[in-house]
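Below: one structure, written as structure tokens.
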């Protein structure tokens, strides 16, 4: 999808921006003209993304608005609240686009999964999105600004997967959370949608054995794994006014897997 500068007046906060889908989303939104606040648990990785965008520390000029990196653990309430405060202090406004990409896996079969691995995945993947969405919504409502909140779920949240009861539950929760938020915030001109990637070539997918990936590819009608830019293109659409009458939707980016 070619850039159309649909977001030239937007400020986008992207969590999980240090790699994979989060980095691709940051690049895509910047190409659309948005200023980008790139957040990651790994602050150095977030800074690398900002440099890639042409922000502070880069030898090239920023292609659009100002860019900045932020370090935060989105699973902690105080940290999530402080993140929004820091972003507003830096850019002098709340983010009008919020994309929650931060996520982890701790895979194990149900019979052997530890409570700690369950709690960690739920804390980042579901609680983290709740906290960031809540803080961003509070900032937008207080300022009277419209916005678009986009939560990265997963097709696994819809169909489940062996060895991923924690991950599947967290991503299913994101879908339900997104729909509830869409109902609550529509009156404030704030939209909320989720994106359900399939198997995407990311650092997380690199942990999957090749023979498993080969089997998955054989199940995909498009015949190949997706790339982070495929997800980022959909996010850019949902962030823009081209999707102005879309809220509460769950958009699958799977190449036809599990349809």
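Each Cβ is built from the backbone N, Cα and C atoms, and glycine gets one as well.
According to Swiss-Prot, the protein has these features:
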- 167: active site, proton acceptor (ACT_SITE)
- 13-21, 40-41, 72-74, 167-171, 200-202: NAD(+) binding site (BINDING)
- 154: substrate binding site (BINDING)
- 58: phosphoserine (MOD_RES)
- 158: N6-succinyllysine (MOD_RES)
- 171: N6-succinyllysine (MOD_RES)
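Between the C-alpha atoms of residue 171 (NAD(+) binding site) and residue 158 (N6-succinyllysine), the distance comes to 8 Å. The Cβ of 168 has fewer other Cβ atoms within 10 Å than any other of the binding-site residues 13, 168. Rounded to a whole number, the distance between the Cα atoms of the residue listed as 'substrate binding site' and residue 40 (NAD(+) binding site) is 19 Å. Among the listed binding-site residues, namely 19, 154, 202, the Cβ with the most fellow Cβ atoms inside 10 Å is that of 154. According to DSSP, residue 19 (NAD(+) binding site) is assigned to coil rather than to any helix or strand.
Under the DSSP three-state reduction, residue 13 (NAD(+) binding site) is assigned to strand. Listed in sequence order, the residues of the same chain lying 6 or more apart from residue 167 (active site, proton acceptor) and placing their CB within less than 8 Å of its CB are 105, 106, 107, 121, 125, 154, 156, 161.
A coil conformation is recorded for residue 154 (substrate binding site) in the three-state DSSP classification, outside any helix or strand.
DSSP assigns residue 202 (NAD(+) binding site) to coil in the three-state reduction, placing it in neither a helix nor a strand. Residue 168 (NAD(+) binding site) and residue 158 (N6-succinyllysine) are 8 Å apart (CA-CA, integer value). According to its DSSP assignment, residue 40 (NAD(+) binding site) is in a strand. When Cβ neighbours within 10 Å are tallied across all protein chains shown, the highest count among the recorded positions 158, 171 belongs to 171. It is 40 that, of the binding-site residues 40, 73, has its Cβ surrounded by the most other Cβ atoms within 10 Å.
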